[in-house]
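K.L.:
According to TrEMBL, the active site annotation covers His341. Per TrEMBL, the feature ATP binding site maps to Asp345, Gly346, Asn347, Gly348, Arg349, Thr350, Ser351, Arg352, Tyr377, Tyr378, Asn385. The domain 'Fido' annotation in TrEMBL covers 263-398. Residues annotated as N-linked glycosylation site in TrEMBL: Asn253. What TrEMBL lists as site 'Important for autoinhibition of adenylyltransferase activity' is Glu212. The transmembrane segment annotation in TrEMBL covers 22-42.
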Amino acid sequence: MFVIFYSLLEYIFIQKEVMIRLHLYLLFFCGVCLAYLFLYFIKYFKNELTNQIKPVKKIYSLLPQDSHLQIVEEEYTVSELEAISSMNAALEMKIEGKYDKAFKLFKHATNLAPKHSDILNHYGEFLEETQNDVIQADQLYFQALTYSPEHEKAIQNRQRTAPLVEEMENEILKRIDKKRDQISAIPDSFIGLQRAKKEAYFQHIYHTVGIEGNTMTLSQTRSIVETQMAIGGKSIFEHNEILGLDAALKYINTTLVNRFGPIMLKDILEIHKRVLGYVNPFSSGEFRRTQVYVGGLIPPSPNDIPPLMKEFETWLNSESAVRMHPVKYAALAHYKLVRIHPFDDGNGRTSRLLMNAILMQAGFPPVIIHKQDRHRYYEYLELANEGDVRPFYRFIAECTENILDTFLWATQEYISTIPALENDSKITDLQALNINTTNFNKTSKTYFLQIYFFLILSRLV
(Lines of atoms letter the chains of each structure in order from A; the text may use other names.)
(Lines give C-alpha, C1' and ligand atoms only; values in the text may rest on other atoms or scores of the structure.)
Protein backbone atom coordinates (compact mmCIF):
# COMPACT_ATOMS: atom_id res chain seq x y z
CA MET A 1 0.00 0.00 0.00
CA PHE A 2 2.76 2.29 0.90
CA VAL A 3 4.54 1.43 -2.30
CA ILE A 4 1.49 2.22 -4.37
CA PHE A 5 1.00 5.55 -2.61
CA TYR A 6 4.64 6.42 -3.11
CA SER A 7 4.46 5.53 -6.79
CA LEU A 8 1.39 7.72 -7.22
CA LEU A 9 3.11 10.67 -5.58
CA GLU A 10 6.20 10.16 -7.75
CA TYR A 11 4.05 10.12 -10.89
CA ILE A 12 2.29 13.34 -9.85
CA PHE A 13 5.57 15.11 -9.17
CA ILE A 14 7.01 13.93 -12.48
CA GLN A 15 3.95 15.17 -14.35
CA LYS A 16 4.13 18.44 -12.50
CA GLU A 17 7.81 18.88 -13.41
CA VAL A 18 7.00 18.08 -17.01
CA MET A 19 4.27 20.68 -16.98
CA ILE A 20 6.59 23.25 -15.46
CA ARG A 21 9.20 22.55 -18.12
CA LEU A 22 6.50 22.72 -20.77
CA HIS A 23 5.38 26.08 -19.42
CA LEU A 24 8.95 27.33 -19.37
CA TYR A 25 9.52 26.21 -22.94
CA LEU A 26 6.28 27.84 -24.00
CA LEU A 27 7.18 31.06 -22.20
CA PHE A 28 10.64 31.11 -23.79
CA PHE A 29 9.17 30.53 -27.24
CA CYS A 30 6.66 33.35 -26.75
CA GLY A 31 9.44 35.67 -25.61
CA VAL A 32 11.50 34.90 -28.71
CA CYS A 33 8.47 35.51 -30.91
CA LEU A 34 7.70 38.78 -29.19
CA ALA A 35 11.33 39.87 -29.56
CA TYR A 36 11.31 39.16 -33.30
CA LEU A 37 7.96 40.89 -33.63
CA PHE A 38 9.27 43.91 -31.70
CA LEU A 39 12.36 44.16 -33.92
CA TYR A 40 10.17 43.87 -37.01
CA PHE A 41 7.95 46.76 -35.89
CA ILE A 42 10.98 48.91 -35.03
CA LYS A 43 12.46 48.34 -38.49
CA TYR A 44 9.10 48.96 -40.17
CA PHE A 45 8.41 52.28 -38.43
CA LYS A 46 12.01 53.40 -38.90
CA ASN A 47 11.72 52.90 -42.67
CA GLU A 48 8.41 54.72 -42.73
CA LEU A 49 9.91 57.66 -40.85
CA THR A 50 12.94 57.73 -43.16
CA ASN A 51 10.72 57.72 -46.24
CA GLN A 52 8.74 60.65 -44.89
CA ILE A 53 11.86 62.72 -44.11
CA LYS A 54 13.80 61.78 -47.26
CA PRO A 55 12.49 64.55 -49.59
CA VAL A 56 13.69 67.26 -47.17
CA LYS A 57 17.48 67.25 -46.96
CA LYS A 58 18.70 69.81 -44.53
CA ILE A 59 22.18 70.00 -46.02
CA TYR A 60 20.81 71.17 -49.40
CA SER A 61 18.15 73.50 -48.06
CA LEU A 62 18.37 76.88 -49.83
CA LEU A 63 15.66 78.69 -47.89
CA PRO A 64 15.70 79.67 -44.22
CA GLN A 65 12.97 78.61 -41.85
CA ASP A 66 9.61 80.36 -42.05
CA SER A 67 10.24 82.05 -38.72
CA HIS A 68 13.48 83.50 -40.08
CA LEU A 69 11.73 84.71 -43.20
CA GLN A 70 9.15 86.42 -41.07
CA ILE A 71 11.87 88.19 -39.11
CA VAL A 72 13.53 89.40 -42.33
CA GLU A 73 10.19 90.64 -43.63
CA GLU A 74 9.57 92.58 -40.44
CA GLU A 75 13.05 94.13 -40.55
CA TYR A 76 12.56 95.19 -44.17
CA THR A 77 9.22 96.79 -43.32
CA VAL A 78 10.81 98.73 -40.49
CA SER A 79 13.59 99.92 -42.82
CA GLU A 80 11.10 100.98 -45.45
CA LEU A 81 9.00 102.87 -42.92
CA GLU A 82 12.11 104.59 -41.61
CA ALA A 83 13.08 105.50 -45.18
CA ILE A 84 9.67 107.04 -45.83
CA SER A 85 9.92 108.94 -42.56
CA SER A 86 13.34 110.26 -43.59
CA MET A 87 11.95 111.29 -46.97
CA ASN A 88 9.10 113.23 -45.34
CA ALA A 89 11.55 114.93 -43.00
CA ALA A 90 13.75 115.81 -45.99
CA LEU A 91 10.79 117.37 -47.79
CA GLU A 92 10.09 119.50 -44.71
CA MET A 93 13.74 120.60 -44.57
CA LYS A 94 13.53 121.45 -48.27
CA ILE A 95 10.50 123.70 -47.67
CA GLU A 96 12.32 125.43 -44.81
CA GLY A 97 15.36 126.00 -47.01
CA LYS A 98 17.65 123.70 -44.99
CA TYR A 99 19.11 122.02 -48.04
CA ASP A 100 22.14 120.42 -46.36
CA LYS A 101 19.97 118.56 -43.86
CA ALA A 102 17.49 117.63 -46.59
CA PHE A 103 20.31 116.23 -48.72
CA LYS A 104 21.57 114.03 -45.87
CA LEU A 105 18.06 112.79 -45.12
CA PHE A 106 17.45 111.90 -48.78
CA LYS A 107 20.75 110.00 -48.87
CA HIS A 108 19.74 108.13 -45.74
CA ALA A 109 16.34 107.30 -47.21
CA THR A 110 17.80 105.95 -50.46
CA ASN A 111 20.30 103.83 -48.53
CA LEU A 112 17.47 102.27 -46.52
CA ALA A 113 15.15 101.72 -49.49
CA PRO A 114 17.16 101.99 -52.74
CA LYS A 115 14.27 100.65 -54.84
CA HIS A 116 11.46 102.82 -53.50
CA SER A 117 10.16 104.78 -56.47
CA ASP A 118 8.65 107.66 -54.49
CA ILE A 119 11.88 108.27 -52.61
CA LEU A 120 13.92 108.14 -55.82
CA ASN A 121 11.57 110.53 -57.57
CA HIS A 122 11.49 113.07 -54.71
CA TYR A 123 15.27 112.88 -54.36
CA GLY A 124 15.64 113.58 -58.08
CA GLU A 125 13.33 116.58 -57.85
CA PHE A 126 15.34 117.88 -54.90
CA LEU A 127 18.65 117.62 -56.81
CA GLU A 128 17.14 119.22 -59.88
CA GLU A 129 15.58 122.15 -58.03
CA THR A 130 18.25 122.93 -55.43
CA GLN A 131 21.51 121.88 -57.11
CA ASN A 132 20.55 122.06 -60.77
CA ASP A 133 21.96 118.53 -61.15
CA VAL A 134 19.84 117.46 -64.10
CA ILE A 135 21.97 114.44 -64.96
CA GLN A 136 21.75 112.88 -61.51
CA ALA A 137 18.06 113.74 -61.28
CA ASP A 138 17.36 112.08 -64.62
CA GLN A 139 19.23 109.00 -63.43
CA LEU A 140 17.03 108.81 -60.33
CA TYR A 141 13.87 109.22 -62.41
CA PHE A 142 15.07 106.40 -64.65
CA GLN A 143 15.64 104.17 -61.62
CA ALA A 144 12.19 105.00 -60.26
CA LEU A 145 10.63 103.94 -63.57
CA THR A 146 12.71 100.76 -63.59
CA TYR A 147 11.06 99.63 -60.36
CA SER A 148 7.64 101.25 -61.04
CA PRO A 149 7.10 101.73 -64.79
CA GLU A 150 3.69 103.37 -64.22
CA HIS A 151 4.94 106.03 -61.79
CA GLU A 152 3.24 109.11 -63.27
CA LYS A 153 5.36 111.77 -61.60
CA ALA A 154 8.61 110.06 -62.59
CA ILE A 155 7.34 109.76 -66.18
CA GLN A 156 6.59 113.48 -66.31
CA ASN A 157 9.93 114.40 -64.80
CA ARG A 158 11.87 112.18 -67.16
CA GLN A 159 10.09 113.54 -70.21
CA ARG A 160 11.41 116.92 -69.16
CA THR A 161 14.99 115.92 -68.22
CA ALA A 162 15.81 113.29 -70.85
CA PRO A 163 16.22 115.76 -73.77
CA LEU A 164 18.30 118.07 -71.57
CA VAL A 165 20.61 115.23 -70.53
CA GLU A 166 21.01 114.05 -74.11
CA GLU A 167 21.95 117.58 -75.18
CA MET A 168 24.47 117.86 -72.34
CA GLU A 169 26.01 114.50 -73.26
CA ASN A 170 26.37 115.58 -76.88
CA GLU A 171 28.11 118.77 -75.77
CA ILE A 172 30.54 116.74 -73.65
CA LEU A 173 31.31 114.45 -76.59
CA LYS A 174 31.88 117.45 -78.88
CA ARG A 175 34.27 118.93 -76.33
CA ILE A 176 36.12 115.60 -76.12
CA ASP A 177 36.40 115.41 -79.91
CA LYS A 178 37.81 118.92 -79.99
CA LYS A 179 40.49 118.08 -77.45
CA ARG A 180 41.37 114.90 -79.32
CA ASP A 181 41.84 116.89 -82.52
CA GLN A 182 44.12 119.33 -80.69
CA ILE A 183 46.34 116.48 -79.54
CA SER A 184 46.29 114.88 -82.99
CA ALA A 185 47.70 118.11 -84.43
CA ILE A 186 50.84 117.75 -82.27
CA PRO A 187 53.63 115.79 -84.01
CA ASP A 188 54.75 112.56 -82.34
CA SER A 189 58.30 113.89 -82.32
CA PHE A 190 57.45 116.53 -79.72
CA ILE A 191 59.34 115.53 -76.57
CA GLY A 192 56.58 116.61 -74.17
CA LEU A 193 54.06 114.37 -75.92
CA GLN A 194 56.50 111.47 -75.91
CA ARG A 195 57.06 111.79 -72.17
CA ALA A 196 53.33 112.10 -71.53
CA LYS A 197 52.61 108.94 -73.55
CA LYS A 198 55.32 106.99 -71.74
CA GLU A 199 54.13 108.07 -68.31
CA ALA A 200 50.50 107.34 -69.26
CA TYR A 201 51.57 103.83 -70.28
CA PHE A 202 52.94 103.08 -66.80
CA GLN A 203 49.96 104.77 -65.16
CA HIS A 204 47.58 102.64 -67.21
CA ILE A 205 49.22 99.37 -66.14
CA TYR A 206 49.50 100.47 -62.52
CA HIS A 207 45.85 101.49 -62.17
CA THR A 208 44.42 98.63 -64.24
CA VAL A 209 46.02 95.93 -62.11
CA GLY A 210 45.38 98.04 -59.01
CA ILE A 211 41.63 97.88 -59.61
CA GLU A 212 41.95 94.09 -59.38
CA GLY A 213 43.75 94.33 -56.04
CA ASN A 214 47.42 94.41 -57.09
CA THR A 215 49.50 96.11 -54.36
CA MET A 216 52.46 97.23 -56.48
CA THR A 217 53.30 100.94 -56.32
CA LEU A 218 53.68 103.05 -59.45
CA SER A 219 57.49 103.07 -59.16
CA GLN A 220 57.54 99.29 -58.67
CA THR A 221 55.27 98.82 -61.68
CA ARG A 222 57.56 101.00 -63.78
CA SER A 223 60.59 99.02 -62.63
CA ILE A 224 59.05 95.66 -63.52
CA VAL A 225 58.02 96.83 -66.99
CA GLU A 226 61.36 98.46 -67.77
CA THR A 227 63.78 95.96 -66.21
CA GLN A 228 61.76 92.73 -65.93
CA MET A 229 63.38 92.40 -62.49
CA ALA A 230 61.50 91.07 -59.46
CA ILE A 231 60.51 93.26 -56.51
CA GLY A 232 61.33 91.88 -53.08
CA GLY A 233 58.39 91.12 -50.80
CA LYS A 234 55.85 90.94 -53.63
CA SER A 235 54.16 87.80 -54.90
CA ILE A 236 54.93 86.18 -58.25
CA PHE A 237 51.24 86.49 -59.07
CA GLU A 238 51.37 90.30 -58.83
CA HIS A 239 54.50 90.40 -60.98
CA ASN A 240 52.83 88.23 -63.60
CA GLU A 241 49.72 90.42 -63.66
CA ILE A 242 51.87 93.41 -64.62
CA LEU A 243 53.86 91.48 -67.23
CA GLY A 244 50.65 90.11 -68.76
CA LEU A 245 49.07 93.53 -69.06
CA ASP A 246 52.27 94.93 -70.55
CA ALA A 247 52.23 92.16 -73.18
CA ALA A 248 48.54 92.76 -73.96
CA LEU A 249 49.05 96.52 -74.39
CA LYS A 250 51.99 95.95 -76.71
CA TYR A 251 49.91 93.50 -78.74
CA ILE A 252 47.11 96.06 -79.13
CA ASN A 253 49.55 98.84 -79.99
CA THR A 254 51.34 96.81 -82.67
CA THR A 255 48.35 95.07 -84.27
CA LEU A 256 44.82 96.34 -83.61
CA VAL A 257 45.48 100.08 -83.44
CA ASN A 258 46.89 100.45 -86.93
CA ARG A 259 44.92 97.66 -88.56
CA PHE A 260 42.05 98.39 -90.89
CA GLY A 261 38.99 96.25 -90.40
CA PRO A 262 36.76 95.07 -87.59
CA ILE A 263 37.79 93.68 -84.22
CA MET A 264 37.04 89.98 -84.27
CA LEU A 265 36.45 87.39 -81.57
CA LYS A 266 39.91 85.94 -82.13
CA ASP A 267 41.39 89.37 -81.33
CA ILE A 268 39.62 89.37 -77.95
CA LEU A 269 40.95 85.88 -77.26
CA GLU A 270 44.46 87.03 -78.20
CA ILE A 271 44.19 89.93 -75.76
CA HIS A 272 43.05 87.61 -73.00
CA LYS A 273 45.80 85.13 -73.85
CA ARG A 274 48.36 87.81 -73.06
CA VAL A 275 46.55 89.16 -70.00
CA LEU A 276 46.68 85.73 -68.32
CA GLY A 277 49.68 84.41 -70.21
CA TYR A 278 51.97 84.75 -67.19
CA VAL A 279 49.35 84.19 -64.47
CA ASN A 280 47.51 81.12 -65.77
CA PRO A 281 48.67 80.04 -69.24
CA PHE A 282 46.40 76.97 -69.25
CA SER A 283 43.17 79.01 -69.21
CA SER A 284 44.45 82.03 -71.14
CA GLY A 285 42.63 82.66 -74.38
CA GLU A 286 39.98 80.03 -73.49
CA PHE A 287 36.34 80.39 -72.50
CA ARG A 288 35.48 79.26 -68.99
CA ARG A 289 34.04 75.79 -68.47
CA THR A 290 32.48 76.33 -65.07
CA GLN A 291 29.78 78.57 -63.62
CA VAL A 292 31.02 81.66 -61.80
CA TYR A 293 29.30 84.16 -59.52
CA VAL A 294 30.09 87.87 -59.47
CA GLY A 295 28.59 89.56 -56.44
CA GLY A 296 24.83 89.61 -56.89
CA LEU A 297 25.14 88.87 -60.62
CA ILE A 298 25.04 85.34 -62.04
CA PRO A 299 26.76 85.38 -65.46
CA PRO A 300 25.59 83.08 -68.27
CA SER A 301 26.34 79.37 -68.04
CA PRO A 302 29.43 78.01 -69.83
CA ASN A 303 27.27 76.40 -72.54
CA ASP A 304 25.81 79.79 -73.46
CA ILE A 305 29.13 81.59 -73.78
CA PRO A 306 30.11 80.60 -77.38
CA PRO A 307 26.79 81.74 -78.93
CA LEU A 308 26.72 84.88 -76.76
CA MET A 309 30.26 85.79 -77.79
CA LYS A 310 29.37 85.21 -81.42
CA GLU A 311 26.39 87.52 -80.94
CA PHE A 312 28.67 90.05 -79.25
CA GLU A 313 31.08 89.91 -82.20
CA THR A 314 28.18 90.56 -84.58
CA TRP A 315 27.09 93.58 -82.55
CA LEU A 316 30.67 94.84 -82.24
CA ASN A 317 30.93 95.11 -86.02
CA SER A 318 27.34 96.09 -86.77
CA GLU A 319 26.63 99.37 -88.54
CA SER A 320 24.58 100.68 -85.61
CA ALA A 321 27.47 100.12 -83.20
CA VAL A 322 30.23 101.45 -85.44
CA ARG A 323 28.25 104.63 -86.14
CA MET A 324 28.09 105.48 -82.42
CA HIS A 325 30.45 108.02 -80.95
CA PRO A 326 33.72 106.17 -80.17
CA VAL A 327 33.46 106.85 -76.43
CA LYS A 328 29.92 105.48 -76.20
CA TYR A 329 30.82 102.58 -78.52
CA ALA A 330 33.88 101.67 -76.44
CA ALA A 331 31.99 101.93 -73.13
CA LEU A 332 29.15 99.72 -74.37
CA ALA A 333 31.63 97.16 -75.73
CA HIS A 334 33.32 97.10 -72.31
CA TYR A 335 30.02 96.61 -70.50
CA LYS A 336 28.67 93.95 -72.84
CA LEU A 337 31.84 91.87 -72.63
CA VAL A 338 32.15 92.06 -68.86
CA ARG A 339 28.43 91.25 -68.58
CA ILE A 340 28.93 87.97 -70.47
CA HIS A 341 31.98 87.24 -68.27
CA PRO A 342 33.38 84.69 -70.75
CA PHE A 343 36.61 83.86 -68.87
CA ASP A 344 37.48 82.37 -65.51
CA ASP A 345 39.71 85.34 -64.73
CA GLY A 346 40.81 88.56 -66.40
CA ASN A 347 37.36 89.64 -67.64
CA GLY A 348 37.68 93.20 -66.33
CA ARG A 349 41.20 93.73 -67.67
CA THR A 350 40.28 92.26 -71.06
CA SER A 351 37.16 94.43 -71.26
CA ARG A 352 39.12 97.59 -70.42
CA LEU A 353 41.76 96.71 -73.01
CA LEU A 354 39.08 96.12 -75.67
CA MET A 355 37.58 99.50 -74.77
CA ASN A 356 40.98 101.18 -75.19
CA ALA A 357 41.62 99.38 -78.47
CA ILE A 358 38.41 100.90 -79.84
CA LEU A 359 39.32 104.37 -78.52
CA MET A 360 42.88 104.19 -79.86
CA GLN A 361 41.58 103.24 -83.30
CA ALA A 362 39.51 106.44 -83.14
CA GLY A 363 42.56 108.57 -82.26
CA PHE A 364 42.12 108.74 -78.49
CA PRO A 365 44.85 107.92 -75.98
CA PRO A 366 44.24 104.89 -73.72
CA VAL A 367 41.78 105.75 -70.98
CA ILE A 368 42.98 105.33 -67.40
CA ILE A 369 40.41 104.28 -64.82
CA HIS A 370 42.13 105.16 -61.58
CA LYS A 371 42.16 102.66 -58.74
CA GLN A 372 40.82 105.42 -56.47
CA ASP A 373 37.69 105.43 -58.66
CA ARG A 374 37.21 101.67 -58.27
CA HIS A 375 34.02 102.12 -56.23
CA ARG A 376 32.45 104.43 -58.80
CA TYR A 377 33.52 102.11 -61.62
CA TYR A 378 31.77 99.09 -60.09
CA GLU A 379 28.80 101.17 -58.98
CA TYR A 380 28.13 102.31 -62.56
CA LEU A 381 28.55 98.76 -63.86
CA GLU A 382 25.95 97.65 -61.33
CA LEU A 383 23.60 100.41 -62.49
CA ALA A 384 24.11 99.18 -66.05
CA ASN A 385 23.12 95.68 -64.94
CA GLU A 386 19.90 97.20 -63.59
CA GLY A 387 19.10 98.70 -67.00
CA ASP A 388 20.69 102.17 -67.09
CA VAL A 389 24.02 102.07 -68.92
CA ARG A 390 24.26 105.86 -69.36
CA PRO A 391 26.03 106.56 -66.04
CA PHE A 392 28.73 104.09 -67.06
CA TYR A 393 29.52 105.63 -70.44
CA ARG A 394 29.36 109.11 -68.89
CA PHE A 395 31.99 107.88 -66.44
CA ILE A 396 34.12 106.59 -69.34
CA ALA A 397 33.66 109.95 -71.08
CA GLU A 398 34.88 111.68 -67.92
CA CYS A 399 37.95 109.43 -67.77
CA THR A 400 38.59 110.08 -71.47
CA GLU A 401 38.43 113.83 -70.99
CA ASN A 402 40.75 113.58 -67.98
CA ILE A 403 43.49 111.87 -69.98
CA LEU A 404 43.02 114.33 -72.87
CA ASP A 405 43.36 117.26 -70.46
CA THR A 406 46.50 115.68 -69.04
CA PHE A 407 48.06 115.42 -72.51
CA LEU A 408 47.04 118.98 -73.34
CA TRP A 409 48.60 120.27 -70.14
CA ALA A 410 51.81 118.34 -70.84
CA THR A 411 52.03 119.85 -74.33
CA GLN A 412 51.02 123.45 -73.59
CA GLU A 413 54.47 124.68 -74.58
CA TYR A 414 53.94 123.34 -78.10
CA ILE A 415 50.31 124.46 -78.33
CA SER A 416 51.19 128.01 -77.30
CA THR A 417 53.42 128.31 -80.39
CA ILE A 418 50.48 127.70 -82.75
CA PRO A 419 47.88 130.51 -82.73
CA ALA A 420 45.05 128.30 -83.98
CA LEU A 421 45.56 125.82 -81.17
CA GLU A 422 46.35 128.48 -78.59
CA ASN A 423 42.96 130.13 -79.05
CA ASP A 424 41.18 126.79 -78.59
CA SER A 425 43.21 125.69 -75.58
CA LYS A 426 43.17 128.53 -73.07
CA ILE A 427 42.64 126.40 -70.02
CA THR A 428 44.16 126.65 -66.62
CA ASP A 429 45.85 123.77 -64.86
CA LEU A 430 42.75 123.02 -62.78
CA GLN A 431 40.50 123.22 -65.82
CA ALA A 432 42.80 120.88 -67.72
CA LEU A 433 42.51 118.34 -64.97
CA ASN A 434 38.73 118.78 -64.84
CA ILE A 435 38.88 119.75 -61.17
CA ASN A 436 35.65 121.52 -60.32
CA THR A 437 32.97 121.44 -57.71
CA THR A 438 30.57 119.31 -59.71
CA ASN A 439 32.71 116.36 -60.77
CA PHE A 440 35.76 116.31 -58.50
CA ASN A 441 35.74 113.40 -56.11
CA LYS A 442 36.76 114.81 -52.74
CA THR A 443 38.09 111.46 -51.66
CA SER A 444 40.59 111.31 -54.53
CA LYS A 445 43.34 113.55 -53.18
CA THR A 446 45.95 110.93 -53.94
CA TYR A 447 44.71 110.84 -57.53
CA PHE A 448 45.31 114.59 -57.86
CA LEU A 449 48.84 114.26 -56.44
CA GLN A 450 49.67 111.40 -58.82
CA ILE A 451 48.47 113.36 -61.83
CA TYR A 452 50.32 116.45 -60.61
CA PHE A 453 53.64 114.62 -60.38
CA PHE A 454 52.93 112.90 -63.68
CA LEU A 455 52.51 116.28 -65.34
CA ILE A 456 55.66 117.65 -63.73
CA LEU A 457 57.63 114.66 -65.01
CA SER A 458 56.21 115.01 -68.49
CA ARG A 459 57.30 118.69 -68.60
CA LEU A 460 60.92 117.85 -67.87
CA VAL A 461 63.06 117.80 -70.99
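Here the Cβ of each residue, glycine as well, is placed from N, Cα and C on the backbone.
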K.L.:
Counting distance between Cα atoms, which of the binding-site residues Asp345, Arg349, Ser351, Tyr377, Asn385 is nearest Glu212 (site 'Important for autoinhibition of adenylyltransferase activity')?
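P.N.:
For Glu212 (site 'Important for autoinhibition of adenylyltransferase activity'), the closest Cα among Asp345, Arg349, Ser351, Tyr377, Asn385 is found at Arg349.
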K.L.:
What's the most sparsely packed of the recorded positions Asn253, Ser351, counting other C-beta atoms within 10 A?
P.N.:
Asn253
K.L.:
Can you check which residues sit near Asp345 (ATP binding site), meaning Cβ under 8 Å from its Cβ, same chain, 6 or more apart in sequence, and list them in order?
P.N.:
Leu276, Val279, Asn280, Ser283
K.L.:
Looking only at C-alpha atoms, tell me how far Asn385 (ATP binding site) is from the residue listed as 'active site', rounded to the nearest Å.
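P.N.:
Taking the Cα atoms only, Asn385 (ATP binding site) lies 13 Å from the residue listed as 'active site'.
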K.L.:
Within 10 angstroms of the C-beta of Tyr377 (ATP binding site), what count of other C-beta atoms is obtained when all protein chains are considered?
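P.N.:
Excluding its own Cβ, the number within 10 Å is 19.
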K.L.:
So, in DSSP terms, is Asn347 (ATP binding site) helix, strand, or coil?
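P.N.:
The residue in question, Asn347 (ATP binding site), is helix (DSSP, three-state).
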K.L.:
When DSSP is mapped onto helix/strand/coil, what comes out for Glu212 (site 'Important for autoinhibition of adenylyltransferase activity')?
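P.N.:
Glu212 (site 'Important for autoinhibition of adenylyltransferase activity') sits in coil per DSSP, no helix or strand.
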K.L.:
Going by Cα-Cα distance, pick out whichever of the recorded positions His341, Asn347, Arg349, Tyr377 is nearest to Asn253 (N-linked glycosylation site).
P.N.:
Arg349
K.L.:
Let me check the 10 A CB neighbour count of Glu212 (site 'Important for autoinhibition of adenylyltransferase activity'). How many other CB atoms are there?
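P.N.:
Within a 10 Å radius of the Cβ of Glu212 (site 'Important for autoinhibition of adenylyltransferase activity') lie 15 other Cβ atoms.
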